Each structure stands twice: as structure tokens, then as C-alpha cells.
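Here's what TrEMBL has on this protein:
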- 854-870: compositional bias 'Basic and acidic residues' (COMPBIAS)
- 899-913: compositional bias 'Low complexity' (COMPBIAS)
- 914-926: compositional bias 'Polar residues' (COMPBIAS)
- 273-355: domain 'K Homology' (DOMAIN)
- 568-650: domain 'K Homology' (DOMAIN)
- 655-722: domain 'K Homology' (DOMAIN)
- 836-872: region 'Disordered' (REGION)
- 884-995: region 'Disordered' (REGION)
């Protein structure tokens, strides 16, 4: 059994609380836990005492996240739709254009079902609870960022006793299809499309119907996506060889969509004649055995040639299940392989990995009111955290509002990283209270119906969740949502003219306490005296503490909160190889002290020993190990500090960046099987190549490393990816004879191989020409690797020029690459009546040949056999569309439309550094800055006047009443203020006690 003190040196992190009675205890031996042992979710008491006493009559208003802005597929692209899917996800025929997405039948039906549910709850409760549903399109508040345009927000307001209200809230959230989403799987058309009958293969249709019936997800098969060639080519990321694939799009709630997507991926594997088997594996062990960035699973897949599909990491968090749907067992792992022996080999390796894994567990208290916000708005980030750290977070179900979660990992360091990053997510949400102590007797108090209308309007336009009891408001949500709700409440007449007290509670990492307070609490004392507010630091747990800003006036509290946020830490982190640290720091720290003083920014370095010991993690060479921190009001200097530090690093090691390379996901398996060569490539260029997870079904491979090494690594990596391109043309007997001669072999094929690194293979001629001539259709296959695709157009031009001299009609070539549209101003020249500006002739659109302009044939006179083949077909004729999309403009070679382009164009086009989002708490105190101008800091700017909205609280002598401005909720986006802790990109800092 491992002793925690051996890792941390002290028990300051609370590891002394970990006893064998807590789940796994401190470690896990081979026999401590069977592979399929059930684990119950934590059900501890609330993290903090409730602000509202039990039994109190309350009004609770919250928004139901329906994802009503989710759009359906384009009707013209639909080739297949599961039963009923088209009617749900497309507008009825005859609907005018520009109708918002929330009017789709599926979204309208969800709102109607919610109204029926709330009506039944109200009628069956004998008057103990009343539920009201309001749907509206929010409008933005001044000074706040916009959410999705024209997104319908549906709000529920519950009135009753606190316990019943909370139970009904949980019931509504768990019986409603919240957080609908969609995902796509690209499928090669030859796998599921029958070209002879011009329709999808019947076994595929039957299987898709069965998947839809089992999972209750809506499934569509859509036409290939037509790329925007000009813009994509300009950005260097066009990959048209992938654009000819069909798109299988799945719609549904999170679990239904994930289940259907996995079943479709398995169907594709079965079409490829792969065997399928399953294995049961305890859910909480999945991310642990996968390792950081799924490294362990990729090694197993490489060694066995299998594909392993894990279930979603957070099943059953949302209680909703479509009627009749069969959920995927949470411990079921699918494995596909070429042979049954390969699958058994993979199973054995997984079993060995589980039995050799030791688990460390730690219970952590999170603010209970923030757990639902994390589940609804940050679940994707939680998933990224556990995948990056090879850990797992056991969360309570939605609506439980119990503040204890359990974090487990294979190493103390990984658990600590996970906990800190989870605490950072919690810090992105605020809570506030507004207590009306002495109502104005001249104002009419609000009636119950007034209160419900007021709360619903505030929630819809701010995105916050609000409860109201005994003239007291309690507000929960993201920082912008809470501040927007407070601004709206301040403009309600009966509130504005009453005496009140208010407080705002911020959660921040303990390491930042001295940073925010300053020496001897100097910063906080100055803010309190300047804004007439009270600021209290209240301890919460061993990781976070509360900053409570209290005031008796809205403007004073707003100003005080603004100043506190300006003193909160803004940070940037990046990677500098360890060997440069001493040079940058200088003798006695003189270099780094000069930089810190110049920019008023604190800089901290960490080396491999600080991160857990030399050789402990191979990934540490890529982890951010330099952090710069400064108060938020000085955040503009962070990039300047980074640039000055990176100037002292040699080019070959400076500025770690990431490059995304699209490669057909099915070919990932071939690349993973050559993992030894990929490892050599990584060591050669000091880069990291990361493949997406199997369940993700993504084409994107990420190459990260030094800025000047990544293009070289991408070029060599693409050299492992084969590509091919076909051209076809009618050939006379003379041309066919020449193409099979030794002269053609030596003068053309050998030169193309030597000069353009393109190999040419002749296909068997086919299909006699219908005009009675001896012409036959000749086909040529050009093979090359992706890194040499830049020379494809030149190679085709060279080949065509040789064949034209032996009777080829260049106008009849299908598959040639056209001349790219000029980026000059030639199209605008006709507007200038000047002989100095000669108009360039526009390119001829009737041919795919790059040599078209060299031959003076009139296209109107051309009536060859291929003209008939290339007539555009109707949407019902998918074969004709595929043929047209295989022509030159959409061929793989068009990735490099400009002849001067070369391999790794995508790499060279995006060398710009991607700023790391890494945030990391430190124990060092901040730097006191000189007084600077304080900015608005994201607070909404009050409108000068509002029209009368609420009937209560107004009289004849009062000014025109205030209207509740509408605001688009921010959906699931991060806070606008600088993060106060680290992100999920790694954890370079020491975990030990403060120094």
C-alpha cells in the first residue's frame, strides 16, 4: 500500500481523510476490486447549510436547456431518414424561409410536452405546488456578450414549499429531453451505396432502422458536403478527398446519440468484415486504464489491430430516457478486430491493465448549487479534464444538489490535478442574495402572479436561476448571468425604492488569497474604503475559499465587485524546455526580475522534479512549465512578457504549437499499427502526434511541438499516408498504343516518378465509344503520398502535354485539375475604361482541363461521349452527383490549387502560436500594482430609461416604470473574466506544501 506522505511530504491536502472505508481507500491491490464491482454514487449532505430554511414558501425560476437553436439537416441533402425523423427535424413544406430553428416540430413538441408535465404536476399536488411555463426569445442587455441569435428560452417557475419545489425541479430536468445534440459519422459511399440501383443498400437501411428503433435517436444519411473551395484553399485546410463521403448524422439526447453513433461505427466495421465482441469493465476504471490522452488504449489497439469503443463516461446523469429506448450498459466495451484471436488478445491486455492499476480516491466538497450548473454547462470540460489526467470524477445525478463528489486516479498527482481543475470550473459561477429589509409603504407589493412573471422574465433574459421568498432574491449562475440579473432587479420599482442589503459570493482558489488581498490586506482595505462595501474572505474547503462582497446600495456593490474582479489573477502559461530556464532566470534571478519589474507581472518556472520527478511522465516535455500572473487590470502585459521570454529561446525549441491534420479515420488504424515509426518521428522532431478516440470518429490528428519543427513533422507524417487520383479520357488506337510503349514508360512515367514523386498505373480500357469510332475510355491512376500532393497538378499538366502530341483531345479529360481562380483584380477591370488595364479572359467553366486554353476548340462544337456522361443529374440520381464531385475541382489535387504550393501547406499556413488556456494556482503572493483606471469589467451598462413592465410598485408620482431588458443566455461558454485557476492542459506546478 502506498503511503501518501511519500508523494506529498505532508497531509495538507486532506489525504489523511482517505481510509479504507472510503470506496477504494488509499490504494488498490490486485484483489481489492473486481473488474465489474458496482460503485454507488456519493450521497452526502449539502456542502453548506441552505440559505433558505426548510418548509419556507418559495418561488423558484429556472431555464430548461432545450437546445432549441439546434438546426435540422438540409432537406435537399437527405438520402435517408429514420422513421419520423424528417417530420421532426425539418419544417413542413411551404414554410417560408428564415423561420428560426426553435420553430422546428421537435423543439415545439418538447415545449408542449413540458407544459403538459407542469400542468399535471400542478393539478395532482392539491394546490401544494404551482408550475408555470414561459417561452420567449431573449434580447441582449447592454454591455454583455450575445448568445445564440433567435434562440428560444423556455422557463419554468415553481411555487410551493422548498422541499417540494426542489423535488419538482429535479423531476422536470430528468423527465425532459434537455441538451439535445447532433453528431456526424462520415462513411465512404462505396460501403453503403449501391451504384447499380442508385440507392443505399437494403441491409444498411435495415440496420439503420434497427439502430434508430433501439436507441430512439433520429438518424439521417446526407449527401456529401460541398466544400467552399476558395476559402478552404486560402486557409490551407481543404481536403476534398474526404468530402466525397456520405454523412450519417444522429440527433438525440446525449446518451441516445452516443449509443446510436457507436452502433453505426460498429456497423461500418462489420461491413469491412471485422469481428465484433463485448467485454464488461467497471465504468469508473475506463478513463484510468486509458491513461492520459488515451495513451494506453492506443498501444493496445496498435499491438492487436483492434478498435475499442468505450461507453460515455457519465451515463445516467440525466434521468431522461426516450420511451422504448434501450440504454447501453454503462460497463459494456465493444471491441472489433480482423480475427477473433485479435479480439481475445485485446481483452487479455485490458484485463492485465486493470489488474495492474492502483487507484487513489479522494472525496471533495463542491458548492451544491454549482453542481447542476457544471452538469448542464460544463460537462464537456469535465470530460476533457478526466481524459487529460487519466482520472475519473463520480458526480451525483442532475437535480440532487448534493455537494460531495469523488475523484479517483492512478496517481496522487493526477488526482490533485483533477480536483484543482474541477474547483476552477466551480469558480466560474457566482451566487448572490438580495434582501429587502424595509419595503417602501407607498409601493404596491407584488402579487403571486406578478412574482412569477417577474422571475421568469429575469431568468430568460439573464440566464441565471432565481429563487424568491419573503421579499428576498437568491441568484445562481455564471458571473455574467448573476450580474445581469442583479441589474434587472435593481430596476424593479418596488425593489429600487426599498431599503435592502445585497451580497455577491465569488469562489477562488486558496493559493490566490494573498494575491487578491495584497500585503496586510492593503488591496481589500482600499476597495472597501473606496466603494463603501464590506469584503469578507470566508473559508470553504481545502482548495477554494469565498470572497463575499456586501453592500447596501446596488451601485456601491457593483463598483466593489468590479474592483475585486480587477484584482483577481489573470494568467498565461506556456512551455519552455528545461535547459533554458537558468539562462532566462539569470544569475541571482537578475534577468527575470528585470522582466517582472518592467511589466509588473509575476513569473514562475517549474522543472521536471517539481512536476513529480524525473522520468515520471514522458508527456512532461510538452507540458506548460512557465506561468505568468498579474492582476486582471494588467492582463494586457501577459503577452509581452511571454514574447520577451521566448526571444531568449532558440528557434528550434521556441513556441509550442498544435497542427490539425485531416486523415480518413479508417486509415488511422493503419497508422496506429506503425506506432514504432511514429515514435521515431516524435523523437526526431520533439513532437507529439495524438489520434482521436475511436468513439469520436474524427478525421483530425493533432501534431504538437516546437513551432519550427511541427511543419517538418507533419510533412514526414503525411509521407505515411497514401493518396490516389484518377483521370479518364477517350483514346484512339494510336494513343492506346503509345501509352503501352517503352517510350511512354521511359519519357513520361519515369520522369513523373522522379520529378513529381507520382506513380502512374494504367487501368484496363472499357466502354466502346457510342459514335462508332474506335475510341475507348482509358483510365490512369496516379498514386502519391499526401506530402507530395502539391505537385499533382504539375504532374497532370506534364502528362497531358505528352498525350496531346499523340492525339489526345484535352477537352475530354475527366479528373483534371482546373486553373485556380485568380486572386488578382481581373474581374473588376471591365469597370475601368482604360486601355492600360487589359481585361483577362475569364476561365472557361465547361472543362476540367488545365490545358483547355491551349487548344482553340469551341466548347459548343464538342459533343463527345463524355459530354453525355457528365450532364448534371437530379438529386434523386446520386450516382451522377458523385461523378460530378469526382471531377477536377473536387479532386484531392485541388487541395493544392496553386502550382507553387507544396507539401505541408496546411502546416505552414498555421504556424501562429495557439495561446495555452492553462491556468495554475501558485502559493506566491501577487505584485501590488500602481493605481490604474478601472474598467467596466463586463458589467451591463444600464439603459437610461425603461418602459413600464411590472404593474406593481408604481404610482402616479413615479417616473415611467422600468422594463426588464432581455438578454440572450450565454449557453455553455466560459466566463468572460480571467480564469482564476488552471485549465485541463496539464499541471506543471509542484503539488507539495507552500514554500
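The backbone N, Cα and C atoms fix where each Cβ goes, glycine too.
TrEMBL labels come from automatic prediction, so no person has curated them.
When averaged over the domain 'K Homology' (655-722), pLDDT in the model lands at 92. Note on the domain 'K Homology' (568-650): DSSP counts are 41 helix, 16 strand, 26 coil.
Counted with DSSP, the domain 'K Homology' (273-355) comes out as 37 helix, 15 strand, 31 coil. Note: the domain 'K Homology' (655-722) comprises 31 helix, 18 strand, 19 coil (DSSP; helix = H, G, I, strand = E, B).
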